[in-house]
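As recorded in Swiss-Prot, the features of this protein are as follows:
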type: BINDING; residues: 16, 17, 18, 130, 171, 197, 296; note: UDP-N-acetyl-alpha-D-glucosamine binding site
């Protein structure tokens, strides 16, 4: 029967970790349920190591983003997407896929478009990681059987979309720490600063300058762990040493999950995955969204409205402004504990299982 193990489920995802992490989580859940998974991705992600997709058939498709590009680059991007769609259609027809699950971004466009044109059309499910529906998903929603959302109240939904809030699947290392008890700081204050896949350059100057403005007694209590671009580590270390801040700096931490669970307060960007991880573990946060990304502002507001986070806009956040917020929070452990509880209230349990259920339900609808 179509939809059983011989008919694979195609995962269409690529680009950044924000798209790949939920794709991996759901693929892992579906494989544990006996489903065969095929990955369709882009050249950027083709070489990335993934324990989940290591044994899966994978296909690298042509494609390119269109937003913010010149007319010439857009025309070239359209041509690449068309080429990727033709290739995806041939592959999907040969596979007789039961479903295509897209995770946003341009790598999802060719497989979903191709699926929509097949005579034996597979089920199409789209997942969006942000509180604002992304451009690719807005375009593809007209072809989807179901649209899976990470947040209640997601902005930009098409009127006829069959939308279900599943939550944003997070990494297994985060899931096992769900609802870890929060212990307010007594003496040492553990501050964790995350800036995306390779650190945010602005944090490397903003955070040390803000910490230097705190009262000396508070500075002496802080143990800072900060993700920092390699070329900025020297200057950041010098500023932190001068301020008397205990610190650990690196471009990347492989063990972010336990560091997040141990933190008393986070300062971070507010990509969909980061916000989902903060809610899953339940930790207070100061979010400074990427200045050009309205999605991140809306994501941050999901926790800020509940009292679990502060949102500070990058354009108006000076060292003095950040120092003021840090001091008000770090001097008030009961407030931090209340924020942790509020952040955890936004957690959506078993997001990967919920999305897997939706995919299998969409397949069942197609074979009826």
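Every residue, even glycine, has its Cβ placed from backbone N, Cα and C.
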Quiz prompt | Nonlocal neighbours by CB distance (under 8 Å) for residue 18 (UDP-N-acetyl-alpha-D-glucosamine binding site), same chain, sequence gap 6 or more | solution = 129, 271, 272, 273
Quiz item: For the binding-site residues 130, 296, which Cβ has the most other Cβ atoms within 10 Å, all shown protein chains included?
Solution: 130
Practice problem: For residue 171 (UDP-N-acetyl-alpha-D-glucosamine binding site), list the number of other Cβ atoms lying within 10 Å of its Cβ atom. | Solution: 19
